[in-house]
Structure formats: structure tokens, C-alpha cells
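As given in TrEMBL:
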SIGNAL    1-25  signal peptide
REGION    26-45  region 'Disordered'
DOMAIN    57-131  domain 'Resuscitation-promoting factor core lysozyme-like'
Amino acid sequence: MKCTPLTIALAAALFTAVLPGTAHAAPATHPTRHVHTAPPPAPGPPPKPVAYGCAKDQWPWGCVAKCESGGNWGINTGNGHYGGLQFSQSTWEGFGGAKYAPRADLATRKEQITIARKVVAVQGWGAWPHCSRRYGLKGRMHMEKPSVTDRLTAKTSLLIRKGSTRFGALHGAPTRRSLR
């Protein structure tokens with residue numbers, strides 16, 4: 001077998017896998033060497049709902065929580081992992097969960113899912129290795145902040161100044177005279 005740098009990097013990545021989120025948030029206490037590693041997993045398609053009973057509970061998070069904690073979003077068994085998605089304390093704090101609650105088990109379901117989406121965007125579904133395999137979750141989630149047009153609804157009034165091209169006046173959107 002020919003060992004290329006990519007093969008070695010992939011093998012090293014497989015053998016140095018850590019538990020979900022346990023190592024990423026700890027600050028480096030000593031200088032680190034630059035090591036070439038494999039790129040993070042490519043973003044996968046959004047997970048599609050499947051015929052699991054837990055899929056009715058905001059797929060895929062209800063299923064992951066059912067797998068991780070029996071669906072108990074406030075669980076603290078003393079094993080060092082907290083909440084429905086079983087966050088380690090370092091993962092919870094490292095991804096900003098402390099702004100919601102000191103530990104994941106003290107946060108709401110919605111707050112836990114918000115942090116989980118950030119974890120998946122960085123670590124991929126491998127942050128929950130057993131449960132992601134169980135439900136066929138792969139890759140990473142791509143997160144974007146909503147743009148102005150994403151926030152517009154049918155009830156939103158949009159004022160386009162005469163001659164503006166920024167919001168589509170040249171594409172036939174109606175214009176109104178500015179009040180200034």
C-alpha cells in the first residue's frame with residue numbers, strides 16, 4: 001500500500017477521533033506545530049425527514065435527543081454530558097451556550113438546538129457518532145444569517161426609492177416617492 005500524505009492524515013484523523021466536542025473548546029496552553037490534516041467534511045444536503053416516530057419532533061434534533069438522552073432535554077445524569085443532546089461542558093461553553101444557561105440541561109430545547117446547529121456546522125454530524133449513523137446523518141450543516149430579503153414577508157412594506165437598483169427597481173418592482 002502506498003502511503004501518501006493524504007492517506008497518513010486521514011489515518012491519523014481516524015485514530016485521534018475524540019468524544020463529541022470534548023477537545024475543541026480548550027485553549028492551547030503551549031505553542032502548537034502546524035500539522036497538515038484532512039479538510040473538514042464537506043457540507044451535506046439538509047437531512048430529510050424519515051419514517052421514525054421521533055422525526056415529528058423537529059427532525060433531526062428530536063431523533064438525536066431520543067438516541068442520546070431518551071428525549072429528556074433537561075437530563076443531567078452526572079456523566080459529564082448535559083441536556084437532550086448530551087453536550088460536554090466544554091462544547092456547551094465553546095459554542096456560546098453559556099449565554100443561555102450555565103449548562104445545557106438548564107437551557108431550553110430551542111437553545112440546545114441553536115448550539116447544536118453551530119456544533120454541526122463546525123464538527124459535522126460526527127459530533128454525535130452513534131446517533132448520526134443510526135439516522136443516516138452525514139456531512140455538515142451550512143449556516144447562513146438571514147438576509148434582508150429572507151426576512152421580508154407578504155406583510156412587509158418595502159420602500160424602493162425612484163431609480164434605485166439595489167432592491168430591483170430596474171426589474172419592474174413598484175417605486176414610491178421618498179418622504180425625505
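Heads up, the Cβ atoms here are built off N, Cα and C, so glycines get one too.
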Overall pLDDT for the domain 'Resuscitation-promoting factor core lysozyme-like' (57-131), taken as the rounded mean: 94
Number of helical, extended and coil residues in the domain 'Resuscitation-promoting factor core lysozyme-like' (57-131), per DSSP: 42 helix, 5 strand, 28 coil
